[in-house]
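One structure is given below, encoded as structure tokens.
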Amino acid sequence: MASTTPSTYKQAVFKEQGAGLTLEEVALTLPKRDEILVKVEACGVCHSDHFAQTNLMGGGFPLVPGHEIIGRVAAVGEGETVWKEGDRIGGAWHGGHDGTCGACKKGFFQMCDNEQVNGISRNGGYAEYCIIRREAAVHIPDHVNAAKYAPMLCAGVTVFNAMRHMKIPPGELVAIQGLGGLGHLALQYANKFGYRVVALSRDSTKEEFARKLGAHEYIDTSREDPVAALQKLGGASLIVSTAPVPEIINPLIQGLGVMGKLLILSIVGGIEVHTGLLVGKGKSIWSWPSGHATDSEDAIAFADLHGIDCLIEEFPLDKCNEAFAAMMEGSVRFRAVITM
């Protein structure tokens, strides 16, 4: 262990199902082979962290949440040759893979049959230090702001990676539904991908903001029929659904043009879809599960090159419960980030 590394550190932990976070001091342990000890600079607070609190994915307790981690390498496991002390490093939702399953053999490491998830199946980044696996470690540029870029490791890579895999050519009409943590980034990425971007939201006061982020058109769905408005524009080649509003799924399908794709990035639960809305015009419904380490590096490099701005509110570690509550209430604009 490096001489500057302390023997103890603080972490925020869920001790039992449904409870709030407990801030505690614990002993620092060395990383094992294929592990990296990270001195955390910032960790985003994502709605998926609620899965840790409720044990929805079976991570158990106690558990430190957080999967939008940026920091510096404090120590490396035995035999490590790529990472060294002081390197800028990140940890995302994807926390590790076996490299042998069918998904891994196809390069979809974030879909691994035995995937580990930071902050869900292993302790995450609501802490001064955390340990991440080397195969899931993300190279982070030295010059980027840790708090601003931490959410890129979930919200950013999710919208970036999903949209690029839809293979929509530049110049096509792309609509973004929702202007929250995912949506405000999706608007910016879509604009920089070269699309004609339409923002869909239920609030007329957000139009100016949406246009500043890169929207060429704005549809207030509380005042205007989104189907008619999108069809008047020619029908969307892609609609990205970022807000969990199940009742809007069928109307969004009707807003697609011929061979249009509806990309669902928010978990809305069970929905009914009229298949007749799909078959006649070759429309389809898609989803995409975040990304692996290289995808995260691509999302960050693209954001850095094009000036994509993640809007955040910062909270110190001892205000972790306030940060979590603001995220759950939807009062934060637009991503809460815990800074050390």
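Just so you know, glycine gets a Cβ as well, placed from its N, Cα and C.
Copied over from Swiss-Prot, here are the features:
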BINDING   C46, H67, E68, C154  Zn(2+) 1 binding site
BINDING   H47, 178-183, 198-203, K206, 265-267, 289-291, 297-299  NAD(+) binding site
BINDING   H67  substrate binding site
BINDING   C101, C104, C112  Zn(2+) 2 binding site
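Everything Swiss-Prot records as a feature, shown here on the structure.
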residue: C46; record: Zn(2+) 1 binding site; Cβ neighbours (10 Å): 26
residue: H67; record: Zn(2+) 1 binding site; Cβ neighbours (10 Å): 28
residue: E68; record: Zn(2+) 1 binding site; Cβ neighbours (10 Å): 32
residue: C101; record: Zn(2+) 2 binding site; Cβ neighbours (10 Å): 16
residue: C104; record: Zn(2+) 2 binding site; Cβ neighbours (10 Å): 20
residue: G180; record: NAD(+) binding site; Cβ neighbours (10 Å): 20
residue: G183; record: NAD(+) binding site; Cβ neighbours (10 Å): 27
residue: L200; record: NAD(+) binding site; Cβ neighbours (10 Å): 31
residue: D203; record: NAD(+) binding site; Cβ neighbours (10 Å): 13
residue: S266; record: NAD(+) binding site; Cβ neighbours (10 Å): 19
Fill in the blank from the handout: Expressed in Å to no decimal places, the gap between the Cα atoms of H67 (Zn(2+) 1 binding site) and C112 (Zn(2+) 2 binding site) is 17
Problem - Inter-residue C-alpha distance, D203 (NAD(+) binding site) and C154 (Zn(2+) 1 binding site) (nearest angstrom) - result: 26
Handout entry: Under 8 Å by Cβ from H47 (NAD(+) binding site), counting only residues of that chain that are 6 or more apart
Key = G181, M327, M328
Completion exercise
Excluding C46, H67, E68, C154 themselves, the Zn(2+) 1 site's Cβ centre has within 8 Å the residues C43, G44, V45, S48, D49, G66, I69, A92, W93, N118, G119, A150, P151, L153, A155
Exercise for the section: Compute the centroid of the Cβ atoms of C101, C104, C112, then list the same-chain residues not in that set whose Cβ lies within 8 Å of it, in sequence order, for the Zn(2+) 2 site. Expected result: H97, D98, G99, T100, G102, A103, K105, F108, F109, M111, D113, N114, E115
Fill in the blank from the handout: Within 10 angstroms of the C-beta of D298 (NAD(+) binding site), the count of other C-beta atoms across all shown chains comes to 15
Exercise for the section: Report, in whole Å, the straight Cα-to-Cα distance of S290 (NAD(+) binding site) from E68 (Zn(2+) 1 binding site). Expected result: 12
